[in-house]
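According to TrEMBL:
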TRANSMEM  26-47  transmembrane segment
TRANSMEM  53-72  transmembrane segment
TRANSMEM  79-98  transmembrane segment
TRANSMEM  104-124  transmembrane segment
TRANSMEM  131-150  transmembrane segment
TRANSMEM  179-199  transmembrane segment
TRANSMEM  229-254  transmembrane segment
TRANSMEM  260-289  transmembrane segment
TRANSMEM  301-325  transmembrane segment
Amino acid sequence: MVTLSNEPSAEPSSPRALKRRNLGRLVGRRPALAVGVLLFVVLPLVANPYQVYVGNLALIYVILAVGLNILLGLAGQLSFANGALFGVGAYATGLLRLDAGLPFWLALPVGTAITVAIGLAVALPALRLRGLYLALATIAFAQFALWTFVHWDSVTHGTAGFVMTPVDFTALGLRTTTGIYYLSLVLAVLLVAAAYGIMRSRVGRALVALRESEVAAESIAVDITRTKIVAYALTAVYAGVAGGLFAGLLNVVVPESFNLFQIVLQFCMVVVGGLGSIAGSAIAAVLLIGMQEGLRGMQDLQEIGLGLLLLGMLLFAPGGLVQALRRWLPGWTEPHSRGEED
C-alpha cells in the first residue's frame, strides 16, 4: 500500500530513524495510556468541579468510542445504532432507579443487559445487510429509538425526561461527583483492557477476518453470523455501561441527549482516532469532548469544528491519529488497526 507523506524519507538504519524509533518505544502506546490513566486519577485532586465533570464525560465517551470501534473498526460493520443504544442504556438504568427503586449498583448491570438485548434485536435483521443498506437500517433504528424516547410518555416521561436522586457513595467516603468519576475511570480502564484482550483473542481475529472479506473469512471456517452477533453484543455492552454512567453523572435523562448529533460525534471519535485503534479511539474521545465543552453553548461551532476536524484527518491522516503516531513514532504499534501495514 502506498502512503503519501510530506516528510523526508529516512533510511531505517539512519540516526534520525533510530532516534525516532527509540522515542516511539519510550512514548509508546502502553506508556501513553498509563500516563493518561494517571492524569485522570489525580484530576479530582487538583481540578475544579466543572473540570472534573468534563473529565468524567470524557471517560464515558472513551467507553463509547472503544465499544463502537469494535463493531466499526474491527468488524467493519457500518452501523449507526450506537447513539440509540447509548440512550437505551441511560433510560434503562435511570428508569430502573426511578420507577423500580433499584439501587444504582444493580440498575447499571441490569440496564446494560437490557441494552444488549435490544442491540441483539437490532443485529438479527441487520445480519443480512451490509454497507449502505446496513447504515440506512441502523439510522432508521436510531430515529425510531429517539421517537420512542419522546413519545412513549407513560414509560420515558416524554420530552421533559426525568430526574433522579444522586448516586450515594457515602459508604465509600466519597461525594457523589467524585464517586461517579472514579467509578467511570475504573470501568473505562477495565473495558479498554478488555478491548485489547478481545483484539488478541480468537474472537478478535475472526472480527478482523470479517472486516477484510466475508468470503475469505468463511473459507477459514469463521462463522459469519455468530461473529457479527458477537460484535453487536460487545458494542452494546459498552454502550449500555456508558449510558448508565451518563445517567448517573447527570442525574437527568432527556431525549435530546441522544439525537443524530450524538451519532456523528461518536462516529467522528472512531474515525479521528483510527479505525481499529483502541488507543486512538480513547485519545480522540478525550480530545473531542474537550473541544465540545470548550464550545459549549455554540452548537453551530461545535458542528463546524467536528466537520473541519474530520475533513482534516481524512485529507492529511486518513488512518487517524494512530497513523500520525506511527509516522512520527515508529515504535508505536497498534494491533489490527487500519493502516498498520502501511
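From the backbone N, Cα and C atoms, a Cβ is placed for every residue, glycine too.
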Relative to the transmembrane segment (53-72), the stretch among 79-98, 104-124, 229-254 with the most Cβ pairs under 8 Å is 229-254
Highest-contact recorded stretch vs the transmembrane segment (79-98), from 26-47, 131-150, 229-254, CB pairs under 8 Å: 229-254
By a Cβ-Cβ criterion of under 8 Å, what residues six or more beyond either terminus of the transmembrane segment (229-254) are in contact with it? 53, 56-57, 59-61, 63-64, 66-68, 70-71, 74-75, 77, 79, 82, 85-94, 97, 104, 107-108, 111-116, 118-120, 122-124, 126-127, 159-167, 180, 183-184, 187, 191, 198, 203, 206-207, 210
Surrounding residues of the transmembrane segment (131-150) on its own chain - C-beta under 8 Å, 6+ positions past either end: 77-81, 83-84, 87-88, 91, 122, 125, 156, 158-159, 255, 258-260, 263
